[in-house]
Amino acid sequence: MQTLKVDLGERSYPIYIGEGLLDQPELLAPHIAGRQIAIVSNETVAPLYLERLSKALGAYSVLPVILPDGEAHKNWETLQLIFDGLLTARHDRRTTVVALGGGVIGDMAGFAAACYQRGVDFIQVPTTLLSQVDSSVGGKTGINHPLGKNMVGAFYQPNAVLIDTTTLNTLPERELSAGLAEVIKYGLICDKPFLGWLEDNIKALRALEPAALTEAIQRSCAAKAAVVGADERESGVRATLNLGHTFGHAIETHMGYGVWLHGEAVAAGTVMALEMSMRLGWIDQSERDRAIRLLQDAGLPVVPPQEMTPAHFMEHMAVDKKVIDGRLRLVLLRQMGEAVVTDDYPKEILQATLSADYRAIVAQL
């Protein structure tokens, strides 16, 4: 087992990474204050892991709260089901909410914990690669709004993150690839040597080889923890973690939540960010193409939806958390391994990026 730390002073917390951690309640015990636990999961993950985790936490009074699965349910109506469960079971301020699932479950359970009785303890037990390397770390919680993704939420840090890498053995291939989009992101924004490692190990990762998965998760979480420790509330460097996300969120919103997985939309959005970085003269074509090939090798889409026009993108990107005083800030690459957040770019470069023929770009690789 490996243990990392998210350093936030008195609110610091550990990230445990290893095999079989669901069966080690002693890891979670120091982070549970009361006797009540609510395990929030979904209809897909609960049949696989709820009984196992509940048994490990048998010393506590465990309430299961099972939600419908998918991004389409990341909304007010589903959030209310968590509150309904907590109130019906008369959970008090010393309850601990445990998120058992992927990014949607983690975001909603965390938001519920932030709101319930003005804040109760919260533990992340992520079961997808995307949630293990990204969304479970850093305290971003929330739900979607019909007009924009993740527009209603709170920064609310967990007490601990427990990553049992064996849960990836039941992850569908498409979901695994979606998680690899976030892993690749870390190489692009802050760890160029990691890109080379990923190129050498992408087949091993897709084959679920334990050593490769553990290495990728550890390096990704270490990068995320360092950024969150330096900028918890995304006033500066943390925004670089959103490479590809502004374009990607536009895709998710336009296509309908859940039609494209988050990681798939981020992958296509990353290609657009690479294209814009190249058009600004910050990276060259060979570097753009190298990153696109890696995304392809991960089994990810690298072309935005054909039905989305530049006007569609502009409409959705106008409702983005990175819009400040009416100006859209974008995360781009100053060079491979170094990201920048900027609103200082010619509008014609953005328009050219939105209008680019990505099918032709990919065809020439």
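Using N, Cα and C of the backbone, Cβ positions are placed for all residues, glycine too.
Record note: Swiss-Prot gives His245, His262 as Zn(2+)-binding, and the candidate from Glu173, Glu182, Glu338, Glu348 in that site is Glu182. If you check the binding-site residues Glu182, His245, His262 against Gly103 (NAD(+) binding site), the ones with a Cα inside 10 Å of its Cα are His262. For the binding-site residues Asp69, Glu182, the ranking by surrounding Cβ atoms (within 10 Å, all protein chains) places Glu182 first. Within the same chain, residues at least six positions away from Gly106 (NAD(+) binding site) with a Cβ under 8 Å of its Cβ are Ala99, Gln124, Pro126, Ser131, Ser135, Ser136, Thr141. The DSSP secondary structure for Gly103 (NAD(+) binding site) is helix.
According to DSSP, His262 (Zn(2+) binding site) sits within a helical segment.
Remark: His245 (Zn(2+) binding site) has Val266, Gly269, Val331 as non-local neighbours, by Cβ distance under 8 Å and separation of at least 6 in sequence.
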